[in-house]
Structure formats: C-alpha cells, structure tokens
Amino acid sequence: MSLGRVILSVRDLHTYIAGFYILQGVSFEAGEKSITAILGRNGVGKTTTLKTIMGIYKPVKGEVRFKDENVTALPTDRIVSKGVSFVPAEKSIFGTLTVLENLKLAYNGPKDKFADRLETVYSMFPELKRFSSNRAGELSGGQQKMLAVACGIMREHELLILDEPSEGLSPLYVKTLLKELKGLSESYGKSILLVEQNFALAKEVIDYVYLMDKGVVVAGFPAEKIPEKDELIRRVLGVKL
Amino acid sequence: MPLLELLLSAIVDALAYSSMIYMAALGLVIIFGLMDVFNLSHGAFFGLGAYIFVTVFYATNNFLLSILVTALIGAAVGLATERLIIRPVYGQPLAQLLVTMGLMTLLFTLIQLVWPTGLWFPETESFIVSGYVEIASVRVRVYKFFLMVVGFTLFALMSITLSKTMFGVKLRAGTESRELARVFGVNIDRLFSLGFMLGSLLAFLGGALVAPLTHATVELPVHFSLLAFAIPVVGGMKSYTGAFYASLLVGFVDRFVAYFAPWLTFAVDLFVMIAVLLLKPEGLFGR
C-alpha cells in the first residue's frame, strides 16, 4: 500500500464463532499516522475481524502483526498494553461506574500525565466534564458513545481501533466525532482503524478503504480512488453513493 | 433480670453478633456479590479459620500472631482454591455449586477428623480478650466491644477499598463485564485471583476473630455458613453497604428473638431471608 509504514498487518485470518465459519481468510494492512476504514454490509465479519485482532476471539489460522511483532491470540490486556486501544460497538463503557471512573480505568500511562490527558479529552468532549461524577449508565446514548471514544483516547496507544463509532449518534455528533478523529491522526500522529456503516460520513476523513464481503476483504484502495471505484463499492455495500 | 438490664444486655449482644455475622459474610460479598462465584465452601473457610486460630493460639499463646498466621493461611488457601478449582468454572454457576460443594464436604470432614470434639478457646490474661466490665450492673465481656470496633473498621476499610481505590474500580468493572475489562487493559485473571484470595482471607480472619467468644465448636462452620449466605441475599447481591446493614438487621432480630422468644432463634434468621426474597427479591439495599 502507498501510505508509508505499516503499523498493523493482518494475514489470512480464519475465525469460527460457535461453529460458524465467520472469517474466511481476512488480509489487510493499516498504515501509520493515517485513518483506515473497513466497510461492508451487516454480518460480513467486520466486528469479528476487530475482535480477533484484539485477542477476544482466537483464530484457527492466520496472523496479526502489530509494529512487526506477532500478537496473534495474545490475551486482550497484553495487546492493549502494547499500544492498541479498542472501542467496541456494543458494551463499550461500564454503566455502573462514574464517567470519571471509566476514564481513570481506561488510562494506563504515567500517573503525573493523567491530569493533562484528562484535560485534553474533556476539551474534546466538554459534556463529559459536566457529567464526570454521574454514573455512565445515566448518560444518553450519544453521550455514552462519546465516553466510549474518550476512553479509547485516554488509553496510551499508537493505534486506535473503533467499531462503528457513529452508530446511534445524531449526524451532528458524528460530524464532531469524525473531526476530532481527523485531528487526532493529523496533529498527534495517531493511527486509526475503524469499521463503519455510514460510508457517506466516513469518506470525508478516511485515507484508505477496504471493502469486506462474506468473511473476506475483497478490495482495498486509497480514498482518492473512491469516485472511480463507484461500481465496485455499490456492488459490495449495496448502496449508491 | 429486670427488663432494662435485659434490654441493655440484648443490645450489646446484638451489636456483637451483627459484627460476627458481617465478618462471616464480608468475604462472600466480594466472592459471591461482586465476582458472581457461588462458593459454598465459604462457611467451611470461616470454620477452618476458627479451628486454625485456636490451634495456633495454644501453640504460641499470642493473640495477634495467631490472627496473622490464620489470615495468611486463609490467603494461601484462597489462592490455591481459585487456581485449582474456581478458575475453570467462572461463568458456570452449576459447576461452581458442584465443585465448591465438594470442597465444603472435604473441609467439613477434615475438620471432624482433626478436631472431632471441637476446640475450646482458653481463658487468657488479656483484659480485651477475656476481661469483663460492669455497665449498669450488667457484666459484659470486653471482647464483644472489641468485635464491634473490628466490624465497623472492616466496614470502613471495605467501603474505601471498593469505592475509592483502583482495585475497587477494577473489581466493579470486572463484575460488570470481564470482556470489556480486558479491553480496558485490566489483567482480569490476576484481579480475580486477588479478589478470591482477599475474600478467603476475610473468611479465615472472621473465623479467628469470633473464636474467643464462640469457641471452635462442631456446629460453628454450618451455623455461620447459612448466615453468611443470608447476608448478600438480604442486603442485595451487588451492594457492599447493604451487607453491613443486613448484618445489623439479622443480628438484632436474632438476638432479640433469642432473649425474648428463645424457641424461635435461628429459624427467625432464615424467615427474614425468605421474607426478603418474597417481598424484595433484589435485596433490601439492592440497586
């Protein structure tokens, strides 16, 4: 791929869940300091791909390399400690903990840097500051999603993986969120991998796109090529752009 | 005894008994309430704590040292139990019931083999352990007040640990979702080992602390087993403050019934539990 150094490389992943053959040989790469998106219809294995990368599901075959190190099927917390931060689509925060406790739990860097990081995150999502001592379960759906992303950013990471960050958010929230993500990758040099259904919004910020269908990645190309790949995208996603 | 003195005596007994019940249940609040593990052997741990404490006390004649040794053995037993039989059955309540029932039977049998007639805690020179004070012409064992102080202290420590420390935050997070806790970078295996170890330590410690008053009798493990499980049920499974208030409730009901309607004792504790289960199944202090 044409986007400089590779931070994450996935080779021929095969994963079964409860006897169902979900990933049937997924391969792709995510570049450093850029935003990579995996697009695909519901049920083609996008979430399973992310959870296999994170060691939540164990693949029967294949390899996940992060910064040239084999991390396949390591315990999730080990992968996290190597610098991968994951924001799941469902169940992404602790409802019984307060907003601040969620953020504290997410943070794993040096103690003296905690206050700075918290300020950064609060300035990105000012609403969270107001509700910091509320239980996270009391927040609205949109605010919970914000908190989930905020937790993802709190964790020390070089690669941020987001599963459906825009799901359940109003278009206004999605715009803010994507703008923040773009800023994160541009000004802090973070790499981002996201799975998205809302292609219309995602294409504004992404650098590289992969299309997934029936358990495999069928195509990958830089964002500039989106217009000329119109026919393929429509066939795989079943949408007109 | 005139009514007023009877009342005073009953209140002191109720507070001391509440503390004892709380100590029996405290470890279970972590293991059963927070970690969702049905550890039927918890009462056997408590009983074993009492027996080991009295045995060590006979050997050393040192109260604090005996407490410390018993607590350390409790931690070791807890760690071994978690590694060997609990770890493979997380999230499987039925399997947990079976393996811990096996362990409970094993420990009860062991206790009967080693100490067939129970163990009597001896009189000591210590005023706190064996002394008496006279309050309004009622002679009261000083150790009862000691138990109240320890009970309240343990409650305060427990509340601070669970609500303020990162260990508490992690434990509550791990209770809500093990998978998500891992995503948050928590080493959940180590955390649950620690939690189970701490819960077992508290069971042994509780057994040791009540022994000077109750002695390590044959029926002690079974009696406190039932009480220990009644507390999370009455107080609310996920509520660590609930366990404290539930202990007070059960302690007062039990002692007052013992004083004024002795033929109902103990049965009434279980009536309280059944009534709570029927009327407010989530527990009196459940969320």
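Here the Cβ of each residue, glycine as well, is placed from N, Cα and C on the backbone.
Curation plays no part in TrEMBL annotations; they are all automatic predictions.
Features of the protein shown, as given by TrEMBL:
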type: TRANSMEM; residues: B:6-33; note: transmembrane segment
type: TRANSMEM; residues: B:40-59; note: transmembrane segment
type: TRANSMEM; residues: B:65-85; note: transmembrane segment
type: TRANSMEM; residues: B:97-122; note: transmembrane segment
type: TRANSMEM; residues: B:142-162; note: transmembrane segment
type: TRANSMEM; residues: B:191-214; note: transmembrane segment
type: TRANSMEM; residues: B:226-249; note: transmembrane segment
type: TRANSMEM; residues: B:256-279; note: transmembrane segment
Distal contacts, the transmembrane segment (B:65-85) - CB-CB under 8 A, six or more residues away: 41, 45, 48-49, 52-53, 56-57, 99-100, 103, 192-193, 196-205, 207-209
Considering the transmembrane segment (B:97-122), which listed stretch of B:6-33, B:40-59, B:142-162, B:191-214, B:226-249 counts the most C-beta pairs under 8 Å: B:40-59
Cβ contacts under 8 Å made by the transmembrane segment (B:226-249) with residues that lie 6+ beyond its boundaries: 15, 18-19, 21-22, 24-26, 28-29, 32-34, 42-43, 46, 151, 155, 158-159, 162, 175, 203, 269-270, 272-273, 276-277, 282-287
